[in-house]
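If you look up Swiss-Prot, you'll see Cys66, Cys69, Cys76, His79 marked as Zn(2+) 1 binding site. Per Swiss-Prot, the feature Mg(2+) 2 binding site maps to Asp489, Asp491; the stated evidence is similarity to another entry. Feature annotation from Swiss-Prot assigns Mg(2+) 1 binding site to Asp489, Asp491, Asp493. Under the heading compositional bias 'Low complexity', Swiss-Prot lists 1587-1856. Residues or ranges marked as ubiquitin cross-link by Swiss-Prot: Lys1260. Feature annotation from Swiss-Prot assigns region 'Bridging helix' to 827-839. Look at Swiss-Prot and you will find 1523-1856 tagged as region 'Disordered'. Annotation comment: Swiss-Prot describes 1593-1816 as region 'C-terminal domain (CTD)'. Taken from Swiss-Prot, the feature repeat '2' applies to 1600-1606. Per Swiss-Prot, repeat '3' is recorded for 1616-1622. As annotated by Swiss-Prot, repeat '4' applies to 1623-1629. The annotation repeat '6' is assigned in Swiss-Prot to 1637-1643. What Swiss-Prot records for 1644-1650 is repeat '7'. Under the heading repeat '8', Swiss-Prot lists 1651-1657. The repeat '15' annotation in Swiss-Prot covers 1700-1706. The repeat '19' annotation in Swiss-Prot covers 1734-1740. Residues or ranges marked as repeat '21' in Swiss-Prot: 1748-1754. Marked as repeat '22' by Swiss-Prot: 1755-1761. The repeat '25' annotation in Swiss-Prot covers 1789-1795. Marked as repeat '28' by Swiss-Prot: 1810-1816.
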Amino acid sequence: MALVGVDFQAPLRIVSRVQFGILGPEEIKRMSVAHVEFPEVYENGKPKLGGLMDPRQGVIDRRGRCMTCAGNLTDCPGHFGHLELAKPVFHIGFLTKTLKILRCVCFYCGRLLIDKSAPRVLEILKKTGTNSKKRLTMIYDLCKAKSVCEGAAEKEEGMPDDPDDPMNDGKKVAGGCGRYQPSYRRVGIDINAEWKKNVNEDTQERKIMLTAERVLEVFQQITDEDILVIGMDPQFARPEWMICTVLPVPPLAVRPAVVTFGSAKNQDDLTHKLSDIIKTNQQLQRNEANGAAAHVLTDDVRLLQFHVATLVDNCIPGLPTATQKGGRPLKSIKQRLKGKEGRIRGNLMGKRVDFSARTVITADPNLPIDTVGVPRTIAQNLTFPEIVTPFNVDKLQELVNRGDTQYPGAKYIIRENGARVDLRYHPRAADLHLQPGYRVERHMKDGDIIVFNRQPTLHKMSMMGHRVKILPWSTFRMNLSVTSPYNADFDGDEMNLHLPQSLETRAEIEEIAMVPRQLITPQANKPVMGIVQDTLCAVRMMTKRDVFIDWPFMMDLLMYLPTWDGKVPQPAILKPKPLWTGKQVFSLIIPGNVNVLRTHSTHPDSEDSGPYKWISPGDTKVIIEHGELLSGIVCSKTVGKSAGNLLHVVTLELGYEIAANFYSHIQTVINAWLIREGHTIGIGDTIADQATYLDIQNTIRKAKQDVVDVIEKAHNDDLEPTPGNTLRQTFENKVNQILNDARDRTGSSAQKSLSEFNNFKSMVVSGSKGSKINISQVIACVGQQNVEGKRIPFGFRHRTLPHFIKDDYGPESKGFVENSYLAGLTPSEFFFHAMGGREGLIDTAVKTAETGYIQRRLIKAMESVMVNYDGTVRNSLAQMVQLRYGEDGLDGMWVENQNMPTMKPNNAVFERDFRMDLTDNKFLRKNYSEDVVREIQESEDGISLVESEWSQLEEDRRLLRKIFPRGDAKIVLPCNLQRLIWNAQKIFKVDLRKPVNLSPLHVISGVRELSKKLIIVSGNDEISKQAQYNATLLMNILLRSTLCTKNMCTKSKLNSEAFDWLLGEIESRFQQAIAQPGEMVGALAAQSLGEPATQMTLNTFHYAGVSAKNVTLGVPRLKEIINVSKTLKTPSLTVFLTGAAAKDPEKAKDVLCKLEHTTLKKVTCNTAIYYDPDPKNTVIAEDEEWVSIFYEMPDHDLSRTSPWLLRIELDRKRMVDKKLTMEMIADRIHGGFGNDVHTIYTDDNAEKLVFRLRIAGEDKGEAQEEQVDKMEDDVFLRCIEANMLSDLTLQGIPAISKVYMNQPNTDDKKRIIITPEGGFKSVADWILETDGTALLRVLSERQIDPVRTTSNDICEIFEVLGIEAVRKAIEREMDNVISFDGSYVNYRHLALLCDVMTAKGHLMAITRHGINRQEVGALMRCSFEETVDILMEAAVHAEEDPVKGVSENIMLGQLARCGTGCFDLVLDVEKCKYGMEIPQNVVMGGGFYGSFAGSPSNREFSPAHSPWNSGVTPTYAGAAWSPTTGGMSPGAGFSPAGNTDGGASPFNEGGWSPASPGDPLGALSPRTPSYGGMSPGVYSPSSPQFSMTSPHYSPTSPSYSPTSPAAGQSPVSPSYSPTSPSYSPTSPSYSPTSPSYSPTSPSYSPTSPSYSPTSPSYSPSSPSYSPSSPSYSPSSPRYSPTSPTYSPTSPTYSPTSPTYSPTSPTYSPTSPSYESGGGYSPSSPKYSPSSPTYSPTSPSYSPTSPQYSPTSPQYSPSSPTYTPSSPTYNPTSPRGFSSPQYSPTSPTYSPTSPSYTPSSPQYSPTSPTYTPSPSEQPGTSAQYSPTSPTYSPSSPTYSPASPSYSPSSPTYDPNS
């Protein structure tokens, strides 16, 4: 509710901890309001007291009231009742715990079974301080072994010995009863106890069923100390409470009855269940009272037990589910809580909200990107509560009078006491009267801030802030560029809109979540939006070389460009008629000084090198220099979504707001051009010429013939299988290769045939729609259809469709589509095509569910990880995850890809380009000016400085090559130096041919100073220093190498001014790029990883023609990694070799054989069993010869061998391949079977390799007896054969089933070495890849590189190499998965995930087994999975949740400590009282004037110098405006009409005259950018618009009588009366006391140190504020302080403003507010007593003046200077209108200074926009001093006579 605090006056406490526990029977009775004892609900049509709908438990129907609290249906929350059970029963949720505790204590005396004082126990208690769950587990493990309650026997023996012995004392206490313990088993919902040993109880049976009653007795005997030892809590969770004796009856609100029309009420499931319990309970009581048989009672108790159990959980395994009469299972309490739709996830974590709208979206290219068009019907329905203040009462009164029926109206008035007046039902006129403090719920109007969202919300750019524009009709309209972050299209998508209900929310959305602020995504540091669709297509067409635009059309286009400055550029062609090129028009759209180099999509790489690399014949090199498109065709590479493109650069260089306008302007102008130009596509575009078709047919015919040939070869067995593949795989690969090749060849010939003007092609080339493949499929041939990565499989009887013959492997039968879409498919082709398409659809559907779950798990695992104020990254338990975010402490949004100039070049080039030689005079003279050369020659340490620079560069290069041994890493850093240097060259007009005046010594010292300022980790201790070094190492290396002396004097040629500007710019941009504390980087990382996962393919196929090994990729691999799976689909090692093995394939083969597991089966050709009784004379003819030779020297006793013979013939080829010898195999057989098998074998060189094996039997004598159970020899031999073939390992590692050997052809697997010359060289070593992993065994092999060899099984890496290695392995594996399909995710997100998974020192899986085993609070865990189990566990162990995380706070409806909620604000409430003085005499006087002191919400009262935002809250940029509407802007009076530009409030930037009854425009023009009294052109007496004779300003006009307290009139400025207490005679904007602006603000004076006239755009403290940039004017209304573009040089921040008074962070302590003190206290160092402005002799500063206190420079009416007749411009009066701080003696404003004439302190007469007469022009602006280089007096645009161009801001100009 937006109205908390209005409706409910009671203050709300913040929940700081949540204590879990079990409700004990006493407490249940205490909180109960009714004892429920009857199962009936009604009696005589009335709710029955003591029944299940007891009226004391809550309200029953709409009209009723609650008997307990007398509330009605909306107010009464419901109250618990209770019902007492006749017998105790088990609580099903606690059953497992009950069992555990039974096993820990003695069944008879309730003692712990272990000695509490035993060291083991004490250690456990110490170890598990707060973790009681762990404690129970460990104690339970100790007790499990005990079967006797110890202590009885020892007690008797020990006593006589030594009664004083402390041990005995302990024994006495610990002594148990010495009886044997039963073992317990759970059966269903019963517990059975069984005694194993013969118990000394004579009659007791050995096995009984424990009743809950008996267990309760045991539990009641446990002492409080023991309760603590078993991890429970005597106060909150006692063991006996786990047994139910009293049941709470939930309130009626929890189980409402459903009233169906025409029939009785349907009671809720819980009510039914409770009624069953009561009935059973009554029956049990009756039977007990009547003394029924024991078995009857037992049955009743079991039934009661069943009902109580199913009330809690209705899905108990082994129990029937309780059902309603109809057979529908009842919904138990557990089912109500768990799952997506349950209470936790469905109602607490996520709720349905009010003030939201949903409808279909439609495109509208004319809306700005941050605007959404809202239908009027929605605007009329959604309201915003606006607080009535004296400033907006008129406006709101008007809305209220219109009511709800007319559009800009209001729905409700909410009075201060919370009463609502509904304006729909014609209320009395008196009710409509508004008073300050009321709230008006007004309709949504233009300019409101809303949140727009499209599900699925995969990343933070799926919910962004927009502004509203009310449009007719019924759909949301949005700009096309914004569709990409939302992933929306206009084929019927719906989107949601939320209207925030408080100013704080609006401010937050506006300052953080608006679309322009999200242009760059931290996910991949690139823009998320680009130009799309028709605009993209047109921008390519328009920027081609041959596009010309004539004069009328040019005028038309300029009309569409809002930022046009009124100058038409020189046309490119003058005769015969003026023509402009398309490039010129595009240059007009580009804002400001941007420099970009890109290529067009068709750019050939060959053009980038060679002597003519600057010449681009196809106009494919896009060069934008100084905001001018010089060459190149603009396509999606320049204005799309790629990193480093034009849009990216504009956003980084000029700020998000200009970038946002740029998006909109491109669209309006280009679309206007396209409407005239036209773009269409038809069948004509798809038709190629005759020759092409012939070519295509021939290609396909040839391909089909090739396939037939391959099939022939396969039939004839001529096809050699490729290594690692079977014959069939090889065949398929070959065929696939042929067919894919055919498709590609036909496609490329089709594309070649299309002309330059083909519309298909123009869309593909510009990147707006389609790809090359689409073209070739439409024109040439659709190609091979695949299912599961293979050709269409045979369906039945060896055919794909009935139309083909059996075993047809031809292209047509297996799914090759040779027709194009244009020609149309044959029926069978169509069928195959549909098969391929269907698979795609299924894949997508399955993938969506998979990735959605992955995303949820990632978010849940990392949701509370955030950057803290100490710069570390921690989770909600404040456990450190990273020392610095992303290891460099920078925000992913501000970094860019940069290249390290020193990494790649070899030594010679490196020395040539980076080594400076100060002794080379010729070089110095050529590159440096005389002064510099002299300085170098005179300096004594110059040479050593330059030498130290060189050695530092060499060291940097060595480090770089160590960090990036491959030399090709993508280095991501802030501040793109190359571009900054380029900007500097443009701004300072650097001439690259002249020598420079920048001394090399200055360069070295400058760079060193700068690198000291780039602080990520502050602190002077050793650790901090090292951390700082690590975090900024790369940045420093980049700085030193790019800004080295040699580079500066030969390539960049910056002069010293430019160099200083550059250093300052780097520093401020680096500061800006530091990650903000409070940033929720965990959620960001989870989204950044989850979002690309949805784009991945689900199944990765074994691609055709690849013989290398197949690895799991895509979503399945991602799942394996984050689940930390123990068993992978394709476990694999990548083995790198060293020494000779790496180079020599034979040696590599040796290693391969050592690794690959080889069984006998793999080398066997065939086996056979023969009956061959005589060993010497064999029956097998071919063996005779070698057998007889073998037995010539008999060394065995042949009499015992069996007559059966196993003959194994081996495959010679495979033996050689595996490098095996016969001897090795014989050894293995001998090793396996010993002497039981008699083996003979042929020589290695024999024709056939044969083994002959016989069983060596025992002596004949023994054999007879055992004959019975012995199997026959031949059967036994068969078993041996099977065993030998499969299990006999010949060599290798059993886990590694196959090893592939290959020589890598891609660089990522090659070995990169650094040559002696210092260059990089990649060497293709042999590498082995395996199926199966055994890292430990492999690492111990010889000739293996143990450093690079790695496994893809992260569990194995953890076991073998430890946690740090596995962190790197996860990072590498994740990177492989993501980059496989060309995505890129910034390293910091991957690193964060790896750190979260490994921070604890073990692998934490991102599943319930990992996330829910952390020590976070129970509330967070139960919001993920296993809801009820976790809550039960928490109750048993009396856990406490500290409510620190995100989920817990959301569940409790509190602000989570994250983002803007992670800090507190200090507010001086006393000061706030003086914040807003509203003179009572003007409150109802037609217009309202507020003092300019500032409301409490204004920035002057905000925490002044929190280190991050140099002293301003993000919300209110204005000086003083009312909390609701921002009615007062710093200089622009009150605006009754909302949305005009100017002013400073973000909402209605109004600038109207305070009260002007007649003129609709008021005294100010509606768009004036907040200039007050004497501000230029607003109230100047001679200005034609506001002349004294103007009817509205006649002194006789009733509302302007000079003495009227409301609107007095001074002779010059009609609206200021001297007696009006709040209006000072000078305009508030330029008054000396106005904190927001003082003309002497040092930032603009030529003497100011920070504003050097030669360096217009840089002041040391300003991140990127350049006065020459058109939109950063002092008056630009929408600039927030945290915006990078605000800077101390903006007038609102003048250093004299109290916010910056150096002696006090916010304002000076002696000044209660800036109405009365303005922060200028005498102790403030800027105001010394000698300052001429405050001289005591000044006539206006009389200490005796009643209203002038020395600390408060107020204007008081009694001050002599301020009589209405006071001369307006009194040069001698330091307090005249002329200048509040002007005095003739002031050194800055000396009358002799040419720029300052006495009548004009601010504008010099030479400034082209200034005329020295007091009537100032509208265009004057404090920003331009005559010396400012960017502002030349001759510039025709800013002529004094041109009324509408204010140099400060073309958009918001005073007079338009």
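The backbone N, Cα and C atoms fix where each Cβ goes, glycine too.
Feature map: annotations from Swiss-Prot on the structure.
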{"residue": "Cys66", "record": "Zn(2+) 1 binding site", "contacts (Cβ under 8 Å, 6+ apart)": "Pro55, Arg56, Gly58, Val59, Asn72, Cys76, His79"}
{"residue": "Cys69", "record": "Zn(2+) 1 binding site", "contacts (Cβ under 8 Å, 6+ apart)": "Asp75, Cys76, His79"}
{"residue": "Asp489", "record": "Mg(2+) 2 binding site", "contacts (Cβ under 8 Å, 6+ apart)": "Thr483"}
{"residue": "Asp491", "record": "Mg(2+) 2 binding site", "contacts (Cβ under 8 Å, 6+ apart)": "none"}
{"residue": "Asp493", "record": "Mg(2+) 1 binding site", "contacts (Cβ under 8 Å, 6+ apart)": "Val360, Ile361, Arg454"}
Tertiary contacts of the region 'Bridging helix' (827-839), defined by C-beta under 8 angstroms and 6+ residue spacing from its ends, are 782, 785-788, 792, 800-801, 803-804, 812, 815, 817-819
Per DSSP (three-state), Asp491 (Mg(2+) 2 binding site) is coil
Students should find that the Cβ of His79 (Zn(2+) 1 binding site) has, within 10 Å, a number of other Cβ atoms equal to 22
Excluding its own, the Cβ atoms lying within 10 Å of the Cβ of Cys76 (Zn(2+) 1 binding site) add up to 21
Same-chain, non-site residues whose Cβ lies within 8 A of the Cys66, Cys69, Cys76, His79 Cβ center for Zn(2+) 1 are Arg56, Gln57, Gly58, Val59, Met67, Thr68, Ala70, Gly71, Asp75, Pro77, Gly78, Pro251
For Cys69 (Zn(2+) 1 binding site), the three-state DSSP class is coil
Same-chain, non-site residues whose Cβ lies within 8 A of the Asp489, Asp491, Asp493 Cβ center for Mg(2+) 1 are Ile361, Ala488, Phe490, Gly492
For the region 'Bridging helix' (827-839), the DSSP helix/strand/coil residue counts are 13 helix, 0 strand, 0 coil
